[in-house]
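Here's the structure we're looking at; comments come further down.
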Amino acid sequence: MMSPRPISEDRGGSTHFRQTPLQIIHVIGNFMRIWSVYSMYRYLSQTGASVTLFIFCCLVPSSILFLLLQKPWKGRALSNQQVVPSVINGGITALYFILWGKGLKSCGPVRAILAEYSGAVLGVLSAVLYGRRGQVWKKVGGLIAMLASFYFLSQGWAMASLSPIYILVLDTEVQTERVLGMKDMAIPIFAGILSALRRVIARRVSLKNQLKRRLHALTLASATCFLFPVAMWDLIIGSSSSIVELPFSAWAFLSTTLFGVILIFYVDSIAEERLHMVFSSPRHLMVAGGCIIVMEIVYKMDFSLPGFVICSLILGFGIYEATSLERTRKDSLQKPDLSNGMLGDELQMSSLPT
């Protein structure tokens, strides 16, 4: 009598083989997005352009393309319970873009990108409100590890000129950055929490993938509308002569629009739906960390590989503890009861906040 184990192993191997192209797409998409972040940082730091005005100029074509691709006005009509939260989510998205752009300009790409994973603190909040006592302390420990990682980043551990474990000998052309405090790091950290919050709202409002894309087009369009008065205010109060003299970087605008806004949404949707990989997860952090290392070397930044690896490992451990699930809870979510479907979905959303 044949054992069923080889059949299950074949199925597992075929599933892994089918996921390999999706994993490659995920890595390439994140690499292109991080590349756009570095091009945006170089443009903003060299020209002194307004962060809000730059992001607004990138969101206008992005929202137009999303509206043309998804056409939220066609198909089944959207209810007020879906439109109103999506518009509110647009305001949160606009605030996220402003704070994250300012954090990128002041803190640098490494700190700004890693600070996006601070959204995992929502997992700690959900454990405090809904979790068990043992799970709360586990998540609080993850929060402490995340704060320690952000503190080390603010002290320059990921920079060769400031890292206490400096090993690599870099060129004299390397850019040197100043030591930051946790007060300066608070801006990108808060932006990361807002990014996680907008993902939670989008996931709770839209239950189907196609509906999620339609509502995201509406959210991005409302975020552009929220940014319009702020961008016009920056344009009015800014010096007109300095604005005219600012050089235009086609690559910075195109890469941010195509890769930093449009492509990364579809890539993260594929990773979440097909690979079961949420944004604030150690696997996602590992992919982003590899891309950051490549871009730091290519752009010849002030970079310390050992310090960056230590900060990333501490941050990954904190994210793992802050977003971890109990095994019994995972098993109960894998086979939800039809009569308790909404409760199972609510538990899953509170456990995976980002």
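Backbone N, Cα and C atoms are what each Cβ position is placed from, and that goes for glycine too.
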Per TrEMBL, the range holding transmembrane segment, considering 21-40, 81-100: 81-100
Feature contact check the transmembrane segment (217-236) with the transmembrane segment (305-323), CB under 8 Å, 3 or more pairs: no
Within-chain partners of the transmembrane segment (112-131) [C-beta distance under 8 Å, separation at least 6 from its ends]: 34, 37, 41, 100, 103-104, 138-140, 142-143, 146, 149-150, 153, 185, 188-193, 195-197, 199-200, 279-280, 284-285, 288, 292, 311-312, 315, 318-319, 322-323, 347, 350-354
